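Residues annotated as domain 'B5' in Swiss-Prot: 287-362. Taken from Swiss-Prot, the feature Mg(2+) binding site applies to ASP340, ASP346, GLU349, ASP350.
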Amino acid sequence: MPKVEIYKNLFLDKIGKNFTNLEISELLEPFKAEFDGFDENSGKIKIEFNDTNRPDLWSYTGLARQIKTYLFGEIPYYDFFSKKGDFKKCYGEILVDNKMSQIRPFIFGFLAKGLIINDRMLEALIQFQEKLCQSYGQKRRRVAMGMYNSNFIKFPISYVASSPNHKFVPLGMDCELSLLEINEKHPKGLEYSYIVKNFDKYPLLLDNNNNVVSYPPIINSNNIGSLKVGDTELFVEVTGIDFEATLLALSIVACDFYDMGFEILPVKTVFKDPFGLDFEELVCPYYFQEEVEFDVKNVNRLLGNNLTLERICLNLKKMGVSSYSRDFKNYIVPPFYRNDFLHEVDVIEDVMIGEGLASFYPELPKAFTIGRLSALEEFSRNVRNLMMGMGFQEMIYNYMGSRKDFIDRMNINDQNFLKVSNPMTENYEYIRASIIPNLLKSESVSSNFPYPHKIFEVGKVALKNLDAAEGTSTFTNLAFLMSGKEISFNEINSIVATLFYYLNIEIILRESKATFYINGRGADILIEGFNVGSFGEISPYVLNNFGIFIPCSVFEVNINKLVSQS
């Protein structure tokens, strides 16, 4: 969850009233934020937010705006927003190459002037940029933001799909690199190039003098894209793959700049190929949010109160939300900087917060229900007890791992495995489809402990299943491993027979074709003709892959199928 540090004096100046740290802590509660401390040396307040629905609160200006509105009921208005059929005068243009529709289609921007940036303001802007791009922007994939000194930029700006060999000097360096070299050598390229590197061409922002402004969403130009203390005229752009998310991010930033004291000058984005949009140009910041209908009866039914329409509207006003009635229906108008009203329930939540959480008293439930464990959980607990009773030690593993451990070392193919599309590290690239690799990896680092080793886990596995709605199926499996000089197929067969005897389940065995077993020493487990698992002696080839030099036998069964058959 987002954590921010803001200067207390800047924050209180924007609210227009002084508060103690305890009072600030209490003011933060309605907005799902916690006071996490005050550093007297730096003068900063530390705040942690408990959800990501309100990115407009992640700056000192946005948070102060909401608290000020909550306390005094004054809804701020921003007259620089364009609306459908009412475009404001624009002061620059961004021309979008039609090839960008398949790469990173959306870019919107504005100009800001009239205030000299000081060091604290610059620090706050950079922090907010990082929080917005990392959390709301999903590590720049969904949304990324750039800020520049507009005095160095000649409009119109072109947003083009460029050759990977195009060169410029990236921010923080003093030599030219190609876009491909930036991906491979620059710290930001190494961190974020996964977003665009699979395309034949890369996004590039050029001004009218053909100077590189930035390589979004990776890095700005060192010549143009470096914002400094003392700058007074700025250009701000947001790129993204989601139309509404990109517009909202720009709207939030524009409102923040305005609240700081800047004048906001709109910029027009021109799409040469609208690729399905119902417009060819858009003047931004642009108000796109839709009104949401609410019913007074539904509000009171969910909250358990008896609020009047007037009281409801007053509570919404404290949250910065306008409302009106027309044709016996009630509607809210989302603020310029919010787009989290997806349903009437979201409106009711704001009414509740505006009314104050202390206004609602706990009530005993009117319906009596009895909770109990699911059949799967009861069965799993019984299995755990049986395994421990037979001398096995329970293990708990991570559900994610590497291709090397899950596939290559096991001598199997990857057709049923789920792969993470943009893993942070190859060690967590796949979702496990079996627990056996985890058990073998534990065994590979346990040779110093006395034999025999007997370990097990009851845990989740996930498989690719194109017939399922989500494309995957998740199961609970039981797997165990036995290792030692005397461990053989007969030993594990005895344990398997004992386990199913106490589970009161009849099984039939047939020879397994699994490639990680020794040929002829592996068995599939059938219940009423259905394959529910297997067991056997691990082949020397697989043992060698894991660095194990003592015989191992393993067992794995699908508990979901056992429950359905029991």
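Residue 1 is the first one shown; counting continues down the chain.
Note: Cβ is positioned from N, Cα and C throughout, glycine not excepted.
From a predicted model like this one, the values you see are computed outputs, not experimental measurements.
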Residues near ASP350 (Mg(2+) binding site) in space but at least six apart in sequence (CB under 8 A): ASN315, LEU316, MET319, VAL321
Sequence-distant neighbours of ASP340 (Mg(2+) binding site) in its chain (C-beta under 8 A, six or more apart): ASN53, ARG54, PRO334, ASP346
Within the predicted model, mean pLDDT of the domain 'B5' (287-362): 92
Helix-strand-coil residue split for the domain 'B5' (287-362), DSSP-based: 33 helix, 13 strand, 30 coil
Number of Cβ atoms other than its own within 10 Å, given for ASP346 (Mg(2+) binding site): 16
All-chain count of other Cβ atoms within 10 Å of GLU349 (Mg(2+) binding site): 17
